[in-house]
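Here's what Swiss-Prot has on this protein:
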type: BINDING; residues: 122, 126, 132; note: Zn(2+) binding site
């Protein structure tokens, strides 16, 4: 395994099997994206109220959302990157709303597991620096997440 993933399930609604699939899926994505071995990621499964508060406090949007990610290795303006080959990178945290994932799975007509996988990959790509603020960025990121999910076998 490339990634060290720390799961926290505040909802007690995600099974060990589902966490194992997410772990395998993100390790597959990490391999495709050439992520260094030992990289660390935190994944929290929360309810809508918890993600609403996070979304309000960090993004200024007072409403629940499906996934939020916080990259830890991002450099701010004027910051210098400190590289140490012996320290595995701390990629950051992915926070997923379980009620939103269930709602969206039903809305899009696919399984809860597929939606959970989609949200995990989406958050993971954000940790790696991908974004969708412009049309071009969106095209690249969404194509990448679709490719990862399809190649892994987690299709709609």
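Numbering starts at 1 and runs along the chain as it is shown here.
Glycine is treated like the rest: Cβ placed from N, Cα and C.
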Message = Return the residues near residue 126 (Zn(2+) binding site) by Cβ distance under 8 Å, restricted to its own chain and a separation of at least 6 in sequence.
response = 69, 71, 94
Ask   = Setting 122, 126, 132 aside, what same-chain residues sit with their Cβ within 8 Å of the center of the Cβ atoms that define the Zn(2+) site, listed in sequence order?
value = 67, 69, 123, 125, 130, 131, 141, 145
Key: Number of Cβ atoms other than its own within 10 Å, given for residue 122 (Zn(2+) binding site)   = 22
Remark   = residue 122 (Zn(2+) binding site) falls, by three-state DSSP, under helix
Remark   = Close in space but at least six residues away in sequence, with Cβ under 8 Å from that of residue 132 (Zn(2+) binding site), the same-chain residues are 138, 141, 142
